[in-house]
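> Feature list, courtesy of TrEMBL:
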{"type": "BINDING", "residues": "A:Cys34, A:Cys35, A:Cys100, A:Cys129", "note": "[4Fe-4S] cluster binding site"}
{"type": "DOMAIN", "residues": "A:34-143", "note": "domain 'NADH:ubiquinone oxidoreductase-like 20kDa subunit'"}
Amino acid sequence: METDYGGFKTTKFDSVVNWSRKFSLFQYPFVTACCGMEYMAAACSHYDISRFGAEIPRFSPRQADVLWVVGTITHKMSPILKTIYEQMADPKWVIAFGACASSGGFYQNYSVLQGIDRLIPVDLYIAGCPPRPEAVLDGLVELQNSIQNDGPTANGITPTAIRHKDQKADQLNRYFEISKKEVFENLQNPKSNRISTPGFTYSEDFVNVSPHIGYDSPRMQKDKAALKEK
Amino acid sequence: MSEEISTQETETPPEACELTTMLEQEFPGAVTGFHSHRGDETVIIERSALESVCRFLRDDSRCSFEIMMDLTAVDRLEMNETPRFEMVYHFKSLTHARRLRLKVRLAEDDCKIASIHHLWKAVDWYERECFDMFGIVFEGHPDLRRILMYDEFEGHPLRKDYPIDKQQPLVELKEVEERHVYGRHA
């Protein structure tokens, strides 16, 4: 995004500044609940958030860029969260990590704030209960893209989803195309004589593999009837 | 599918309920009901006898319940039972390797009960939680105030007539289109 500095357009300068901002995010991990476990997993060596530049957690809001709201926020906690957010200096971004921070999660009751976006503007929502570390890193990359493209005004005004709509649509289409083929191929048991294309049928060996469940899927019912006829 | 075990097989006969017979002897008239499941007994007593029964359970060498495990309440409004509240106390004895459940029934307009914090220190926070969630007042408690909810909260949320998802925000929240009706079955 172009800005005016005393009458001069500064595009290259902005992109350099945003580049440096996105790869040196100082995080404030506002961790309250179970999502903290997955935050720790993403931050530690196996998944390693420091590859993305967001290495050090700064436990003071004055020194932090990104507020990671990790876990359930109750109404009792909400004034504290608001104070922490207000103490952070601009430019700042907020990540709602997990289902409870995004929307209240599965707690719909008298004590849980139904999503922190009722309180403070949120830039990124990472869904999951808790989200896998790979989802956390994917979200972080999206936030970095939005910082690069939109700069400090990314704060709740131009959400990434709208900006990169076409890219997201391509990703989803690709996902649905490959999933049908790859899922069935990879599920093939070597001992079975099932056909690997989506039109597979259960063989005699596998049609009664879980009688204790007491439920037959439509595919299973059809195949059982077909086998009975045989 | 395993066969269902009938209650009669698991219920120990009244002669074998040691603690119940002991309490009935020591405190005549206090015990209003009891049942027992595979040797673990539940005794329902009168509210007036609570303090003396608890002191007996802790101090007497035949019982010696050193540990006060749990204190909670049941709101029986939706079960249409009166009296409305039922206090449930769980005790554990280490010397005799035994557990006991004590129940006390309280009416809605008179939900006060004696505090037993002078017998077991751990009861302090349990009683505060009961007060916070149900509104049951413990007479003699040194510091009866809310423990889980904030002080500005109005009402007692675990009562059945409190709409479970009625929120009382502490800070001003942004306006969001509310399509949800407060209450449990909305």
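The count begins at 1 with the first shown residue.
Cβ coordinates are placed from backbone N, Cα and C, and glycine is handled just like the others.
TrEMBL annotations: computationally assigned, not manually curated.
Keep in mind that this is a model prediction, so the values were computed, not measured.
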> For A:Cys129 ([4Fe-4S] cluster binding site), what is the tally of other C-beta atoms lying within 10 angstroms of its C-beta?
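Within a 10 Å radius of the Cβ of A:Cys129 ([4Fe-4S] cluster binding site) lie 13 other Cβ atoms.
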> Apart from A:Cys34, A:Cys35, A:Cys100, A:Cys129, which residues in this chain have a Cβ no more than 8 Å from the mean position of the Cβ atoms of those residues at the [4Fe-4S] cluster site?
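Here the nearby residues are A:Ala33, A:Glu38, A:Val70, A:Gly71, A:Thr72, A:Gly98, A:Ala99, A:Ala101, A:Gly105, A:Gly128, A:Pro130.
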> Please compare the binding-site residues A:Cys34, A:Cys35, A:Cys100 by how many other CB atoms fall within 10 Å of each one's CB, and tell me which has the fewest.
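Sparsest of the binding-site residues A:Cys34, A:Cys35, A:Cys100 by Cβ contacts within 10 Å: A:Cys34.
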> Summarise the model's confidence over the domain 'NADH:ubiquinone oxidoreductase-like 20kDa subunit' (A:34-143) as a mean pLDDT value.
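Residues in the domain 'NADH:ubiquinone oxidoreductase-like 20kDa subunit' (A:34-143) carry a mean pLDDT of 91 in this prediction.
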> Please report the three-state DSSP label of A:Cys129 ([4Fe-4S] cluster binding site).
coil
> Helix, strand, coil residue numbers for the domain 'NADH:ubiquinone oxidoreductase-like 20kDa subunit' (A:34-143) per DSSP?
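So the domain 'NADH:ubiquinone oxidoreductase-like 20kDa subunit' (A:34-143) is made up of 45 helix, 16 strand, 49 coil.
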